[in-house]
Structure formats: structure tokens, C-alpha cells
Amino acid sequence: MWLMLNSFHLFLSLASSINPPPPTHSPCPSGYISWYLNCYKLVEEAATWDAAQTACAKAGGNLASIDMSYDQAFVAGVVLQGKADAWIGLKRKVQNGSYMWTDGWPVFFTQWGPGEPSNLEGEGCVSMHASYFFHGTWNDTKCSDPKPYICKISKDFLWPS
């Protein structure tokens with residue numbers, strides 16, 4: 001019994017002297033969610049597409065580009081969370097009508113909703129649907145409509161803290 005008690009006390013004293021590991025440091029700025037090599041944030045304050053892009057650029061990023069299906073699933077499910085339709089970084093070029101991401105990525109993945117893009121006059125900016133039936137699909141809409149927006153910062157461009 002004495003040996004068991006002494007062993008237990010020795011264990012407690014050793015265990016209490018072990019420091020816990022330091023908290024993990026997120027590679028993303030406060031409020032952003034890390035996903036692969038990028039940081040994402042849903043900004044719930046509504047803005048026009050241009051104002052949203054300007055705000056994302058001031059934070060060191062762009063409106064979110066989505067280049068693969070798993071990025072699409074992450075942004076739709078984790079970032080957007082069905083809260084409200086939100087701007088992403090896809091915009092139609094006036095010159096030739098093709099779409100371009102704000103960060104320069106080529107457009108080789110799309111998730112258009114039914115009948116989209118409609119390319120109606122005045123609709124050239126793209127938002128992601130949050131509604132139940134069209135959740136995560138894309139819609140071309142008027143750039144002047146205020147909406148929440150999703151910013152994306154590439155971890156390659158983050159300054160060390």
C-alpha cells in the first residue's frame with residue numbers, strides 16, 4: 001500500500017511538472033477560417049460587389065475564387081453556412097462576356113444554378129446562393145445589389161507574425 005501511494009504521489013508530481021503544449025497558431029488573420037493554402041471569411045455586412053472587393057483587397061486578399069469542387073463544398077458549407085447569398089470573386093468582363101476571377105485564377109470550375117448564368121443586362125457579378133434548394137450554386141446578378149461577401153487570403157501572401 002505504501003509503495004502504491006508513493007508511486008501515485010511521484011506520478012502526480014511528475015505529471016504536474018509537465019508543461020502543456022503551446023496553443024496552435026492559426027496561419028490566418030483573426031476571424032478567418034483556414035482551408036488548405038487559403039483563409040476564408042464571411043463578412044455579413046452587405047456591400048456592393050465593388051465595395052466588397054475593395055474591402056477584401058484592403059485585408060490582403062480578394063473576393064473568394066473557387067477553383068475546385070472541394071473548395072466549393074468548403075465555402076458553401078463551412079463559410080456560407082446558409083446564412084445569406086454572398087458575393088464571390090467572379091465577374092463578367094465587359095469586353096468579351098467571359099468570366100474572370102479577381103485573383104487571376106483561370107475559370108475551369110463552375111457551380112452555376114439552374115438557368116445561370118442568365119447574362120441579363122446589368123448582371124455581371126456572381127454570388128453564391130444560401131437558400132435550401134439552391135445552396136452553394138452560383139448566380140450572376142447586379143453588381144450594385146448589396147450582399148454579404150466572402151473574402152479569401154492566400155497563405156502564400158500572409159506576413160509572418
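Glycine is no exception: its Cβ is also placed from the backbone N, Cα and C atoms.
Per TrEMBL, the feature signal peptide maps to 1-17. Positions annotated as domain 'C-type lectin' by TrEMBL: 35-152.
Under DSSP, residues within the domain 'C-type lectin' (35-152) fall into helix, strand and coil as 22 helix, 41 strand, 55 coil. Averaged across the domain 'C-type lectin' (35-152), pLDDT for the predicted model comes to 93.
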